[in-house]
Structure formats: structure tokens, C-alpha cells
């Protein structure tokens, strides 16, 4: 890379690291506030489940920020400044494992939102089932299942597709190489588009069920709040997905041409992910306010 490109690359990485640390701080503060609310306030079982699912999403964000900062930002900055500390030097199993964990926690963010919408879907479509109010089902079955899916769905990237390698000489950490078409498509579909399709299908069924339900029925007002909560999730997922449009446009142009891969595309991708995740962390307090406004219902 030229001197100007190197300076720009370092600047992008530093900005990304600052945004990640800011988002991590906000996530930790929100995590503490929700835990405090759960401990000190008397709220209904349904809203308690909703808050635990929000905590689950925050845990996914916190893990993603930690791995993004240590595995990507710090490693890249050490390479840019010719420092040996916190820098992957070769294609080691530890480097590949960190890359696997990195993409797994990114996957868990989207799948945690799908779990939130699934909870709203069950409340609206099957309101008479008593098990929807059992918080232990979510704590010991659905949330662990969501994390197992998130980690299992990334395994083909490291075993079958053999796509997680050091991004040398461009970058000094392990990740999915953007020049591998099938690996990138699989990662996008498994980590992002399948949860989005699940969320969209649940939203469609929720709105359709409410249209056929009389406004005089008892669960109607509660169902309207579920629709609003689902709608907020869709907006946040769309915001996070839209931040990746520059990367998607560039990759389409790259795959349809014979041009060389721009060395800045990886850093732009992680900067976009950092900005989108920061926006989502700022929007998450709406879920806390929603629970406090309708506690006990």
C-alpha cells in the first residue's frame, strides 16, 4: 500500500476501535441497568422474559465488541505500527479459532433478535399456551439453543469451505477472505439472511393474526405492543444490514470484474459494523422503557 493508503487504513482502524470501545461501554451500562431493573422492580413474567432476551442480545453485542477490538483492531494496529505484541504471525489454529469465534458472535447478534421476535410471535399466535410465561424455558432451552445454532452454523466456514484464514498480507488476523465467493455468500445467508427471513415471517404472521382478532378481545392491546416491539427489531436489523451496503456493492463489482481486491475493504467493513452496532446499542434503551411502561401486564 502507498503512504496515503496506509495512513487512511490506520485512521479507519483507529476510528473503528474508538467506536467499538464506546459501544462496549454503552452495552455494559445498559446490561447493568437491566439487571438492576430485574432485581429491584416487580414486573410481569412476560416483560421479565422480554428483558432477559434483551440481556441476551446485549451479551452477544458485548462479546462481539470484545472480540472485534482484540482480534481485529488491536492486531491490525500492532501490525500497522510494526509492533509484535497482540499480533498473529502465521496461520495458527489459535488464529483460526479466534476468527471462528468472531463470526459466531456476529451470527449470535442476528439470531438473538430472531429469538426476541419468536417470543412475540408465540405470545400473539398462541396466547393460550401456558408455557410461554415460563421464563426457565427461555433461560435453559431457547437462549442456549440460539447460541448453539450461532456457533454450529459457522463451522462449515472453518471445516467444509476452509474459508477462515489469515488475511495476510493485507490484514494480520483470521477471517473470511472476501475473494472466496461461496464462503462470503454462505456467511451472509447463514448469519444474516436466515434470521431476517425468520423475523419477517414472524412479523407477517403476527400482523395477520391481529387483523383477524377483534379489538374488544383482552389480548388485543398487548398484541399491538408486540407488533411495535417486533417492528422496532426489524428497523434495528435493517439499520445494521444497511451499514454493509458499501461492502456488498464493492464485492459485487469485484466478483464481476478482474480488478484486484482493495486492501481497505476489510477495514471499511468492520468500521461499518462498528457504527451500525453503536446505533443499535443506542436504540436498545427503548426496550427497557417499554418494559417499565407496561410492567405487570
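Cβ atoms are placed via backbone N, Cα and C, with glycine included.
As written in TrEMBL, here are the features:
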DOMAIN    27-294  domain 'G-protein coupled receptors family 1 profile'
TRANSMEM  12-39  transmembrane segment
TRANSMEM  51-74  transmembrane segment
TRANSMEM  94-116  transmembrane segment
TRANSMEM  137-161  transmembrane segment
TRANSMEM  181-204  transmembrane segment
TRANSMEM  233-256  transmembrane segment
TRANSMEM  268-288  transmembrane segment
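Residues 50, 53-54, 56-57, 60-61, 63-64, 67-68, 71-72, 88, 142-143, 146-147, 149-151, 153-155, 157-158, 164-166, 173-176, 187, 190-192, 195-196, 198-199, 229, 233, 236-237, 240, 273, 277 of the same chain lie 6 or more positions beyond the ends of the transmembrane segment (94-116) yet place their CB under 8 Å from a CB of it. In this chain, the transmembrane segment (268-288) lies close to the transmembrane segment (12-39): three or more C-beta pairs between them fall below 8 angstroms, excluding pairs fewer than 6 positions apart. Nonlocal intrachain contacts for the transmembrane segment (137-161), taken as residues 6+ away from its ends with a CB within less than 8 angstroms of a stretch CB, comprise 49, 52-53, 56, 96, 99-100, 103-105, 107-108, 111-112, 114-115, 118-119, 131, 176, 180, 182-183, 186-187, 190-191. Among residues of the same chain six or more beyond the transmembrane segment (233-256), those with a C-beta under 8 A of the stretch's C-beta atoms are 109-110, 113, 116-117, 178-179, 181, 184, 192, 195-196, 199-200, 203, 262, 265, 268-269, 272-273, 275-277, 279-280, 283.
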